[in-house]
Amino acid sequence: MGLTSILIAQVLFLGAANSAVVKRWPCSVSPTGPTDPSVAKNCGYWVNDVAKNDQCADLEGYFDISREELVNWNPSLKENCRLQNGHSYCVAASDLTTRSTDSAEEASRMDMATGVEAADLPSPTQGGLAANCNAFYKVKTGDSCWSIINDFGNFSIYDFYRWNPSVGQSCEALYPDYYVCIGVQEQEPPVATPTNPPGPVLSGTPANCNKYHKVLSGDNCWAIANQYGISLDQFYSWNPAVKPTSCQSLLPDYYVCVGVAETPSATATPQPTPQPQQSSSPDQPMPQPILSRLLRILL
């Protein structure tokens, strides 16, 4: 093999390796393809449209998760970890485990601000940042949403996306030198709004809905369900218009249902209590006509 052939082979090899590193998959909070029949029920983030040559190691490296986590969330991969073409796989569930880092090393490379007042917010930040954010991290080149979560280890992927909706559902808009929210101040649960919707609602909203949420730019179905302490199944059942589109028809400035009034159970009408029939007894006086007739016969 000539020198030129060797160089071409090396370039092709490096190109293939680099393409594997930078590859992005379509991601969403709901699967778009077939899933593992035993997939984690609390899965909140999916990788979709897996290709024939994709490997488990590709997903693990890209999403910064371990083989144990990937298999735990997708049990069908346990035998040989072979991905199925066109399938969707869970890459984050609420039991997400995090790896600890050396505290000294972490402190030296973490550029963060905590306990800040509104007037002292770091800059720049992206739109939609959680209003009650009190801890920030300055994004560095090479960071990913997953690496930030694993570095701090005290919040989940769902929290991060809820606090930083502008980064996108697949972390495609995480920009270096911008500050992202990595912690919020505790606040009271959202207060129920009046029974009547205060604005436009999607079709299929149940008549007994008594709690609404106004959709904001950057909201997603999982984040809203998590905010109000309801399951994703409940959210979809109360807002059927968003389910067929995998939450893509969640429209800003519309109101979605996040709570319903309990329907009173039907109460059977009680049957009247039978009254005992009157019957003559030896102690009751004999009717007057009968008594008169007997006296005439005897006399």
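Glycine residues also receive a Cβ, built from the backbone N, Cα and C atoms like all the rest.
The annotation signal peptide is assigned in Swiss-Prot to 1-19 on the grounds of sequence analysis. The domain 'LysM 1' annotation in Swiss-Prot covers 46-91. Under the heading domain 'LysM 2', Swiss-Prot lists 135-182. Annotation comment: Swiss-Prot describes N154 as N-linked glycosylation site. Taken from Swiss-Prot, the feature domain 'LysM 3' applies to 211-258, supported by sequence analysis. Sequence annotations record features per position, and here Swiss-Prot assigns compositional bias 'Low complexity' to 266-283. The region 'Disordered' annotation in Swiss-Prot covers 266-288.
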For the residue listed as 'N-linked glycosylation site', the three-state class that DSSP assigns: coil
Segment confidence, the domain 'LysM 3' (211-258), expressed as mean pLDDT: 82
Helix, strand and coil totals (DSSP H, G, I; E, B; other) for the domain 'LysM 1' (46-91): 18 helix, 5 strand, 23 coil
